[in-house]
Amino acid sequence: MSKDKKNEDKETLEELKELSEWQKRNQEYLKKKAEEEAALAEEKEKERQARMGEESEKSEDKQDQESETDQEDSESAKEESEEKVASSEADKEKEEKEEPESKEKEEQDKKLAKKATKEKPAKAKIPGIHILRAFTILFPSLLLLFVSAYLLSPYATMKDIRVEGTVQTTADDIRQASGIQDSDYTINLLLDKAKYEKQIKSNYWVESAQLVYQFPTKFTIKVKEYDIVAYYISGENHYPILSSGQLETSSVSLNSLPETYLSVLFNDSEQIKVFVSELAQISPELKAAIQKVELAPSKVTSDLIRLTMNDSDEVLVPLSEMSKKLPYYSKIKPQLSEPSVVDMEAGIYSYTVADKLIMEAEEKAKQEAKEAEKKQEEEQKKQEEESNRNQTTQRSSRR
């Protein structure tokens, strides 16, 4: 027996050497646990035997004492003793069942220990707050790096600029007015859109401008030009008058003129602005009926103008009151049977063109008569002066 024990001890030592420290600790723990369970089982067995002895002694004492009692009491005592015996047997059975269960638990613990040695330890999870802090630092840094790299690259100044809506102007004129340079950053155009749109509107032809961006580098300048409302005529030259009240300084070719247009025979900048402003308040039908506008100041009204209509009618109206008084012409027109003059200087009345010619002829005759009288008076004065001079010379010669 001693040899067998020695051999077993040697084998266990060799196994312990081969095992890792953790496995050694695990085996030691399992051995201790098995020893403790065996000790507990022995204590339980001793307690059970002691209980059985006490119960048997008590039952004997009771039997002696109860021998004098009725038969019914003896039967009940027997039943109680039988129940106790049955309970003791049940305790034995439970203990017998617990022993294999404890062995099974030991085997399961060994298996779990082996699995734990094979499995790798689980990685600790990173708390969410640390991830959030790292994100708040890394994201701005990466964004700044990306923006810096973009600004240093040639893509930062790459632009494809197109112009739409030009009729009287050219795309080059619009680009020049915008002030956009090849060296300007694309991001500056996006951030300062309003500034560039305002610069484009510095071109007097442009009524409105819109700078539209399309990814990645395309820009479209959408332009709306002022309309041409009339032409200032000087000899054979025609200068456009815009709806803004601006008079174009360069004339247009006769081939580019529309079939019908409004002719203006004065070029004062303030008067043209007032005329365009008043004209904008008149209906399109009445505008289309006007053929020519010229100044016709009188002694009473300095800004009186004469409008020659397409049907040969003439309208005299103050320039500052044109939008108020001219619409009445549409009501008077059906009453005119022949070309007439509608005078709106003070009140409204009309007369025929023939009467006008007669009146003009009479006025011319009066003016000519006045001029003739003036000439006669001047000649008489000259003659009197000459006669006076002659008399003075004669007197001086006599002396």
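Cβ from N, Cα, C; glycine included.
Listed features, source Swiss-Prot:
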TOPO_DOM  1-133  topological domain 'Cytoplasmic'
REGION    1-23  region 'Disordered'
COMPBIAS  35-65  compositional bias 'Basic and acidic residues'
REGION    35-119  region 'Disordered'
COMPBIAS  75-119  compositional bias 'Basic and acidic residues'
TRANSMEM  134-154  transmembrane segment
TOPO_DOM  155-399  topological domain 'Extracellular'
DOMAIN    156-226  domain 'POTRA'
COMPBIAS  364-388  compositional bias 'Basic and acidic residues'
REGION    364-399  region 'Disordered'
COMPBIAS  389-399  compositional bias 'Polar residues'
Tertiary contacts of the transmembrane segment (134-154) (same chain, 6+ residues out, Cβ under 8 Å): 185, 187
Within the compositional bias 'Basic and acidic residues' (364-388), residues counted as helix, strand or coil by DSSP: 25 helix, 0 strand, 0 coil
Tally of residues which DSSP labels helix, strand or coil - the domain 'POTRA' (156-226): 24 helix, 22 strand, 25 coil
Mean of pLDDT values spanning the domain 'POTRA' (156-226): 91
